[in-house]
């Protein structure tokens with residue numbers, strides 16, 4: 001696990017460029033980091049699907065609020081995807097340099113964000129009644 | 001690395017490959033909803049093509065990645081795959097932007 005650059009680099013140019021420093025960590029950590037990234041991507045996709053679902057629920061929520069909620073959900077999905085990539089990269093780099101892992105910025109954002117979104121959605125449903 | 005027999009080299013890559021498959025499935029579901037939201041037939045066709053293309057690409061990369069990792073892990077070589085991660089982030093953000101454009 002000490003070889004940093006093997007001649008037959010697997011990931012290609014981008015992997016070489018993004019993960020140039022440090023040495024290869026325990027492969028279990030790399031795989032776990034990738035699975036965490038995928039879980040975040042699924043969360044982002046669920047947010048996009050939620051936004052599209054709200055946009056399609058024409059008879060439940062009235063027009064301006066519906067568009068606003070749909071755009072908010074989808075935009076949060078894009079943001080979560082971008083932050084998930086950033087977090088994957090920072091964690092992978094920290095693992096390679098044997099440093100402390102980056103703090104979890106995404107988790108509080110998601111819990112507070114979802115709470116606000118849920119309240120907004122309930123309010124929207126009540127107003128539409 | 002670790003002593004022999006400390007952990008099984010097959011299960012972790014397989015579990016990661018399954019996580020990739022689940023993510024691809026989520027992409028298809030969110031993408032189909034986007035297709036349903038499209039304001040025109042042309043928009044729906046484009047969205048469907050993009051979603052099918054990204055899903056096919058992800059499935060292909062998942063298979064290739066699982067095979068490659070199975071070969072590389074026993075030798076202690078690098079298994080990180082930044083390109084798949086970048087591609088997945090890109091397609092998710094593209095889908096989110098499509099959803100926003102269709103919802104406006």
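Cβ atoms here come from the backbone N, Cα and C positions, even for glycine.
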Candidate ranges A:17-36, A:37-56; TrEMBL annotation transmembrane segment resolves to A:37-56
Cβ under 8 Å, sequence separation of at least 6 from the ends of the transmembrane segment (A:109-128): give me the contacting residues as numbers and ranges. 43, 54, 60-62, 65-66, 69, 72-73, 76, 80, 83
DSSP helix, strand and coil counts for the domain 'DUF202' (A:28-94)? 61 helix, 0 strand, 6 coil
Let me know the model's mean pLDDT on the domain 'DUF202' (A:28-94). 91
